[in-house]
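What Swiss-Prot says about this one:
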type     : residues                     : note
DOMAIN   : 14-76                        : domain 'TRAM'
BINDING  : 89, 99, 102, 181             : [4Fe-4S] cluster binding site
BINDING  : 289, 318, 323, 339, 374, 395 : S-adenosyl-L-methionine binding site
ACT_SITE : 442                          : active site, nucleophile
């Protein structure tokens, strides 16, 4: 790639609106969710350029053409963005074999946050016709060493005579040849090369496709997916590795429900929410947030925005292990956690019991219950069955909370007597919708869809929204939004 060149003053003036650039040059206007620079040709066709940043003037080579858009590889930068920085990892880039785990290391962190905030606001407006009354300050944290969970692929490359352990190559099914990873905690990143040697030494080295990493505050667990039984010798090698590197091994011979520790009796994985005096034990395959620092800030921010009073009842939808439920129980009169996975419900109850037992007199947890319910099949009748609550906390997976918010909207439409509204069970007219909803999202598109239902059909206003930089250097957008009754 050529070195950036300073344009002449005349060229700079001519190109302020993207016109007048030399033939073949493109002015990058923005960045999309796949971290591609977005430009337009003179005929209006959109060009998505790998590796290009907003405000840059570039040349690019097209590798995919459609009627209204193209995808292209960056070939030269003629004017470089002031926010272009040197990547922090030698495995990041556009070169062959580059790791695909990160997409934005070449963009200054302030630029990454700005791109994600714009993506959030654009999705809310263009997909949902929703404009927040206030944009929240972004939640930010460490740029490196933040990723406490990772799914590492394993591949025995026979032609090279090596075992690779890491993320997939950029736009490829192959495993990147990576010796380090600065987004992992240092103690976890230091395991990459020893893991390669370990897997190569196993009798089952050809049948171990994946290692899942899960770090707690003081324990690191590794889940080995193996497609054939491990030999006695393999068990011994795993134990020796665990002793040398201070990790726990868990084995997964089939599906997720088959995961078991190699040896019983080890210290339990857990993380703390110190602002609330909460300790959260978890299993390595349980869903927990990738970034523990951001999670602590996010929980505190969500509860401040919800502003729960001691006389209020709160429902935490998609509650998981109780990441929000238990902190809510330090503030509310009563809390209900609703989760689709019955096993998680059982562990959430156990976590509540543990923290209740550890609670000091000034921090006894509120009356708290957990129930299992398929939240993707929610109906107005089911929603009414959970009872009224003053406030809701909603933290769905990427699919969003469509059935839940649609049930709420259907109830509101029926109460208003809207034409074609769903008929509700007797007594529904006495049900009171929540005054405030705090919605934590990991997908801005489904957030926008659900926000549209809440605002346009359920009688809410979007009081605030902002991005949460849970995944620095990646294109993933976490966000938080507040909805209040109009």
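Keep in mind that glycine also has a Cβ here, set from the backbone N, Cα and C atoms.
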**Study point:** Residues near residue 102 ([4Fe-4S] cluster binding site) in space but at least six apart in sequence (CB under 8 A)
**Key:** 89, 92, 183, 473, 474
Study note, to complete from the structure: The DSSP breakdown of the domain 'TRAM' (14-76) into helix, strand and coil residues is 1 helix, 33 strand, 29 coil
Study note, to complete from the structure: Within 8 Å of the Cβ centroid of 89, 99, 102, 181, the other same-chain residues by Cβ around the recorded [4Fe-4S] cluster site are 91, 92, 101, 105, 167, 176, 178, 180, 182, 183, 473
**Study point:** Cα-Cα distance, maximum over 289, 318, 323, 339, 374, 395, record's S-adenosyl-L-methionine binders, Å
**Key:** 22
Exercise for review: Please tell me which one of the recorded positions listed here (99, 181, 442) sits closest to residue 318 (S-adenosyl-L-methionine binding site), measuring Cα to Cα?
Suggested key: 442
Review point. Which of the recorded positions 339, 395, 442 has its Cα closest in space to the Cα of residue 181 ([4Fe-4S] cluster binding site)?
Key: 442
Revision key, fill the gap. In chain order, residues whose C-beta lies under 8 angstroms from the C-beta of residue 339 (S-adenosyl-L-methionine binding site), counting only those at least six residues away in the same chain, are 318, 319, 320, 345, 348, 370, 371, 372, 373, 375
Revision key, fill the gap. Residue 99 ([4Fe-4S] cluster binding site) and residue 442 (active site, nucleophile), compared by Cα position, are separated in whole Å by 23
Check your understanding: Rounded to an integer, what is the Cα-Cα distance in Å between residue 289 (S-adenosyl-L-methionine binding site) and residue 442 (active site, nucleophile)?
Key -> 11
Exercise for review: Would you kindly give the Cα-Cα distance separating residue 442 (active site, nucleophile) and residue 323 (S-adenosyl-L-methionine binding site), rounded to the nearest Å?
Suggested key: 15
